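Annotated Zn(2+) binding site per Swiss-Prot: H569, H573, C693, H697, in sequence order, evidence recorded as sequence analysis.
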Amino acid sequence: MKRLSSAAIREQFLRFFEERGHVRVPSSSLIPGNDPTLLFTNSGMVQFKDTFLGLEQRPYTRATTAQKCLRVSGKHNDLEEVGPSPRHHTFFEMLGNFSFGDYFKAEAIPMAWELLTKVFDLPVERLWFTVFEGDDEVPPDDEAAQLWVAAGADPERVLRFGRKDNFWVMADAGPCGPCSEITIFIGDDLKEMSAKGVNSDDPNYVEIWNNVFMQFERSTMQPLHRPSVDTGMGLERMAMVMQGVHSTYDTDLFIPLIERQLALLGADEPTYRAHVAPFRAVADHSRAVAFLIADGVLPGNTGRSYVLRRILRRAVYQGRTVGFEKPFLADVAAVVIEQMGAVYPELRERADFILETVDLEERQFLRTLSGGVSILKSVIERVRAVGGTVIPGDDAFTLKDTYGFPLDLTQKIAAEHGLTVDEAGYERRMEEQRARGRRAAQFKRAADAEAWADIDLPPTRFTGYLGVSGSGTVQALIVAGDQVAEAVAGQQVQIALDSTPFYAESGGQIGDTGVLIGPRGRARIDDVQRPVPGVIVHYGVVEEGAIAVYETVEAQVDSVRRAAIMRSHTATHLLHRALRDVLGEHAAQAGSLVAPDRLRFDFTHTRPVTPEQLREIERRVNAWIRADTPVAWQELPYQAALEAGAIALFGEKYGDVVRMVTIGCVNGNDALSPAAIAERQRAGFRMCSRELCGGTHVGRSGEIGLFRIVSESSVAAGVRRIEALTGAEAEQWVDAQIATLHNIAARVGAPPSQLGERIEALLAELKQRQRALDELHARQARSNLEGLLANVQAVGDIRFLAAQVEAPDTARLREMGDWLRDKLGSGVVVLAAVIDGKAQILAMATPDLAGRRIHAGNLVKALAPIVGGSGGGRPDMAQAGGREVAHIPDALEHVAAALAAQAGG
């Protein structure tokens, strides 16, 4: 058997099928394209699902891929098994070959045999093959069995199993069929090999390849007109076999990641062998984290984002168990990028963003971990003190709600102490919180969805791309939650038409406003929504007469407002492109608001955008506006739009046919004026934006007029926000800024051109005066403190000073204490002050006494209750605080007794 690297296995697999007429198709994203049924891509066939279902036609009938996959739950994987198990993974690569109605078993099985026995040179005597044994509904797969034997397999090595192991189903409807799996025995002694080990839990039998033969329609079990083939070979397992090891973690895919961890710790191989589980978990999770972030997922609290956060945090916690105290995961993820970036270029393209995101999330979690662990330990001690074995759900909830401590980590730490967590109680508290949130939140028109769902209406035809007015027939009316035949003057009403030019709020663009004019009345429209899919509903008030069902009304959108919205929306696309060009392709849209008076754009980026970057982004957008490039749209198949380079928004669901908005992307100069041509050449970048978008846009970029960024801020970890203005609003903002500039210039007595110099001079003067004032205050304070030294007392041979002073904050109080302690030479200083309305007590002991005869921390613990508070600290310095400032003199009176108690002890 050949010994091959993982890279060689991947390449030889793909090349083998390429040479046999297959198209090498790049891996799709870990985020399934336009498939809401899947959280992550978990097999090679996911990107071809619509092709297998007959919903999509590809320009080829044979394909081969190395597909990125992620499995974190369900039958395929349990996250807690990753690390302890020698072969479980979250992220993995699936090698596959596919036939879309082209070849079938008669060609697939001989090719599989040739690849395994000739190219990979696997020993035939170690291979086993399984086929479907048949049942009452489907006959046995004798054809596959015979083909394996014809290819060269020993008939005794071809085994038959039932549906559980050898029949594949996509869903209740669609293609299905028998599958044939190839298993290899990797044990040392061939005499111990037997058929009983196949499809068992024996680790010496490794399933390396599954060939699925789609030949039936699931709902009828009738033969398909064009049967297909879908195969999957796990690269990690194949590497394990080809490299002669018994764990995937001992292959060249994981060894560099484990070695990096050991290097960071300054540890050696025996350290790894003594703690394999956490090292392996970190190695696996670093791959999953790097690839998820590269594909656009950011850590968060819901959906895919929560899965990423959970994997990342589990890696960090596992790392802590082997000695990592500072952030380390980005260093390991860097090896993933270095190791796999050539095969998956998105890793290299987004390397900086990946590593910054990992580091930011890890540091945030370490802060959470530090606070949460100490709280959890106190809970564990409390439970154990009463002989309990279960951490109450209320405590687990408090850890999550107050400290951000995840339940799974609470469970893990509890298990390490022999305890469990009341998960039912935790879920009950979580549901109570969710219920409160639902009651408190005023979700727009939330109750309306139920009312409209009860009315059977066809989809509304939207005509607003072509104009801002048109006629439509009233299909239904709702007043006060009830369906009515007529709405009269003064009533708030919801109106559905069969067709409308009014745009319903969607994709960040707010809904239109305007009027509906009927034969007997008029309604003012204040908002437009889609409470149920496909149905556009106009929300407003009947101002005159009445509006009735089946009447034809004239729909008139507020054209001035719509034009302003279109300017904002087109500018949003230009901003998105500029962000990607300036910051990197990782700067993907994470949310937006498109309104007539402003736009807001959230995007993925880990650090503040610098002023220089903001200026360059703004420059590019305005250059694009001046170039007056055309804005066009077309409807086309989803896959065709992606192949044309259109940006599809992360997490958005698209139909089979999508609307692609193109801005610029002009190859020649035919569509541009001479001035625009010059502007485009002067700008120094290609003006081309393509996005999937259902919103409304201007006809040319020049209609935007002007673009100005007014703010840049953070909205969440790894997500930034830009707010901007366009058109007249941008001009007004610029005018206001100029007016402010002139006003400030007049106040400081300098022309606007010299304002910076004048402000610097004023600040320098202010700083000099502040320094002189501080020196004066310091002299006065020292004079006051010197006076206190006359009040030094003694308890036995211990000198002490106890006094109330005035201090603006605790920092100044400590400065006073330091000065007095140094002047005292040997002794104890106790100072008290009222700061922010509360009593603050500071105790300091000189080095000759601290920790030997006097403990400052114990001293303030004795004084704090007198002022209604608590405190503590080190032997040499401690602080306490309390609410009862009136009792400060009493606390100072008690210093002598407290010192006597310590000295006497």
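Each residue's number is its place along the chain shown, starting with 1.
Cβ from N, Cα, C; glycine included.
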Take the mean position of the Cβ atoms of H569, H573, C693, H697, the recorded Zn(2+) site. Which other residues of that chain put their Cβ within 8 Å of it?
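Leaving out the recorded residues gives M566, T570, T572, V594, V631, V661, I663, E691, G695, T696.
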Restricting to the chain of C693 (Zn(2+) binding site) and a gap of 6 or more, list residues whose Cβ falls under 8 Å of its Cβ, or answer none.
G507, H569, H573, W633, R659, M660, V661
For H697 (Zn(2+) binding site), which of the three DSSP-derived states applies: helix, strand, or coil?
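For H697 (Zn(2+) binding site) - judged by DSSP and reduced to three states - the answer is coil.
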Is H573 (Zn(2+) binding site) helix, strand or coil when read with DSSP?
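SS state of H573 (Zn(2+) binding site) = helix.
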For H573 (Zn(2+) binding site), just count the other CB atoms lying within 10 A of its CB, please.
26
I want to check the contact list for H697 (Zn(2+) binding site): same chain, sequence separation of six or more, C-beta distance under 8 angstroms. What comes out?
M566, H569, T570, H573, V631, W633, V661, I663
Looking only at Cβ atoms, how many others are within 10 Å of the one on H569 (Zn(2+) binding site)?
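Total other Cβ atoms inside 10 Å, all chains included: 26.
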